[in-house]
Amino acid sequence: MAVAVRTLQEQLEKAKESLKNVDENIRKLTGRDPNDVRPIQARLLALSGPGGGRGRGSLLLRRGFSDSGGGPPAKQRDLEGAVSRLGGERRTRRESRQESDPEDDDVKKPALQSSVVATSKERSTERPLFQDQNTDEKETPERPGPIFGLLMGTLQKFKQESTVATERQKRRQEIEQKLEVQAEEERKQVENERRELFEERRAKQTELRLLEQKVELAQLQEEWNEHNAKIIKYIRTKTKPHLFYIPGRMCPAPKLIEESQRKTNALFEGRRIEFAEQINKMEARPRRQSMKEKEHQVVVRNEEQKSEQEEGKVAPRTRVMLRALDDLVARVGTPSPRRGSGEEEEKEIPIVHSDAEKEQEEEEQKQEMEVKMEEETEVRESEKQQDSQPEEVMDVLEMVESVKNVIAEQEVMETNQVERVEPSENEASKELEPEMEFEIEPDKECKSLSPGKENASTLEMENEPEEKEEKESEPQPEPMAQPQAQSLPQPQPQRHRQSQSQPQQYSSPPPLSQPETLPLAVSQPPPQLIQRQGHLPPERKEFLVESVKLTEVPTEPVLTVHSESKYETKTRSRSRGRARNRTSKSRSRSSSSSSSSSSSTSSSSGSSSSSGSSSSRTSSSSSSTSGSSSRDSSSSTTSSSESRSRSRGRGHNRDRKHRRSVDRKRRDASGLERSHKSAKGGSSRDAKAVSSSGMPRFKPGQL
């Protein structure tokens, strides 16, 4: 504490010295000491009087003093001397003016040109006018010459004096103006210096007063510390007023002493802190504005750093979410539904009119899936580049939720399908066995079939789309009847899988890879699950054929298709418009391919039963007919009854055959190449399935 007092005293001495220097500068500039106080009488004289201060009142007072002779004798002498001096100066000025008046008048007065004017003489009326004129003429030559010269000389002299006077006056005015400007500048400079000095003096005085207060406070604090240092050895009572005492014997008293010392030390420390804060506040008054600006800058920097840290944390979080989403997609085997997940989940199921059209639609769906996969990979790459943006976190969370929903829906559909497949076997044995005949279109070498059979088969295949359209026009069932309808067997897609076992024996299969006719009775899942299976991995796409029974090949091909209007759900009714557009585009292709396949079906079936053209077909048919002979009669009766109903509309389709024959020829070539690929891919899988289980197992990927 003593050190603080010394430093404050040193600062106080320095401030006093600087104040003295400022006072000396003011004394030099103004001629008086700023610390001196003016006499009270001078102030009273200046303030009293009729004029009320300066001006005429002061002059009247001075006159009264000089006239009355009042006041102190020293003042009287000064006033008399001043008056005499002023009076003497005035007299000398007047005398000098009187002496120099003529000259000054010549200089100051404007020069006038003198002119001699002849006075008119009084003419007597007695003499005539012409006599007077004659006398004038006589007198003019007698005029003396020196008078005219004197006049001219005076005039010229006046003119010269006037010009000289004007030049002198101009020079004098210029000099006076320069002097006035210089005097004004000096006066302003003196005023500025004086103002600056007085401002500096005020600042020094305030600093001096502040230092004096600090020194005084420091001295008081030091005295207080000395006093408390003496008291600290004693015990302070808890009650007020506090008393300090010390016991004669120290029993438990040392504890009390320590506690008292601790409290007093805390009190001292608090007092020291308050003292330091007070001094800092006194020093920080001029710097308050600058400190506020610095604090504001620090706050702004901290906010910027926090925002940068938050942005840096968000980017890794988005990367982690994207990785988790990719893992889920890899487990399920479906493409990640980035951005367009809602569209893929809400994909509507098209209406299947015939097996040929269904195969064509499945191929189109595969192409669409490939295009979507490519688009989603591009979206993935673009989103990986934008991982640093915090907005992607919400998108990723939504995507993960959508993927989980899709997985849950698929699992529910699978469990429902397993439950529906078992009762469908019993129902299939009781109901009519649908028969569906497909055959690969023969090569150019195998085109020696009868035209009558071809026409009949084409008419049967063309009747199929019309029957489907008639069934679609029927009213949709209520939503409550959907679970019952979905439990019924649907043989069409499974027949596709069954028909894939024999396409390898031909060199030129049709565009849709339709194999030889095999009437099947298969428990088929509902079309919703078939549409879902397009997104599932191959392990979940397999369906076991529950009962496959081959019948004898009939002489006339029969085509039976169950109406699927009972199995349509609300989503399928919404998609009817889209399905019609899609089927109308592919109707020409499917009808031509179906007609050609049906014609080839009848010929190949006849040839297989009579001549045994294909050893593989005959072997498979002979092995399968032994197990299915019990149901031949029922299937033949049902097929004949259904063929009768279809034969009614054959007359309407004859006109279509001529129009579609041209399209069929064009698409034969493109369909051959496609069927080669599908036949090669499906043959190896079918052979494994037949050899392992005895019954063929088919996958939707072969369609």
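Each position is counted from 1, following the chain as shown.
Note: Cβ is positioned from N, Cα and C throughout, glycine not excepted.
Noted in Swiss-Prot for the protein shown:
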COILED    2-32  coiled coil
COILED    165-236  coiled coil
COILED    354-411  coiled coil
COMPBIAS  87-100  compositional bias 'Basic and acidic residues'
COMPBIAS  348-357  compositional bias 'Basic and acidic residues'
COMPBIAS  366-386  compositional bias 'Basic and acidic residues'
COMPBIAS  417-433  compositional bias 'Basic and acidic residues'
COMPBIAS  479-489  compositional bias 'Low complexity'
COMPBIAS  589-642  compositional bias 'Low complexity'
COMPBIAS  665-676  compositional bias 'Basic and acidic residues'
CROSSLNK  Lys109  SUMO2 cross-link
CROSSLNK  Lys138  SUMO2 cross-link
CROSSLNK  Lys157  SUMO2 cross-link
CROSSLNK  Lys159  SUMO1 cross-link
CROSSLNK  Lys159  SUMO2 cross-link
CROSSLNK  Lys230  SUMO2 cross-link
CROSSLNK  Lys281  SUMO2 cross-link
CROSSLNK  Lys306  SUMO2 cross-link
CROSSLNK  Lys313  SUMO2 cross-link
CROSSLNK  Lys366  SUMO2 cross-link
CROSSLNK  Lys549  SUMO2 cross-link
CROSSLNK  Lys566  SUMO2 cross-link
MOD_RES   Arg54  omega-N-methylarginine
For Lys157 (SUMO2 cross-link), identify the closest of the recorded sites Lys230, Lys281, Lys366, judging by Cα separation. Lys281
Within 10 Å of the Cβ of Lys157 (SUMO2 cross-link), how many other Cβ atoms are there? 11
For the coiled coil (2-32), could you work out the same-chain residues 6 or more beyond its ends whose Cβ comes under 8 Å from its Cβ atoms? 190, 193-194, 197-198, 200-201, 204-205, 207-208, 211-212, 214-215, 218-219, 222
I'd like to know which of these recorded sites, Lys159, Lys230, is least surrounded, judged by other CB atoms within 10 A. Lys230
So Lys366 (SUMO2 cross-link), by the Cβ count within 10 Å over all chains shown, scores 13
If we take the Cα of Lys230 (SUMO2 cross-link) and draw a 10 Å sphere, the recorded sites of Lys281, Lys306, Lys366 inside it are none
Mean per-residue pLDDT computed across the coiled coil (165-236): 89
How far is it from Lys306 (SUMO2 cross-link) to Lys281 (SUMO2 cross-link), counting Cα to Cα, in Å? 32
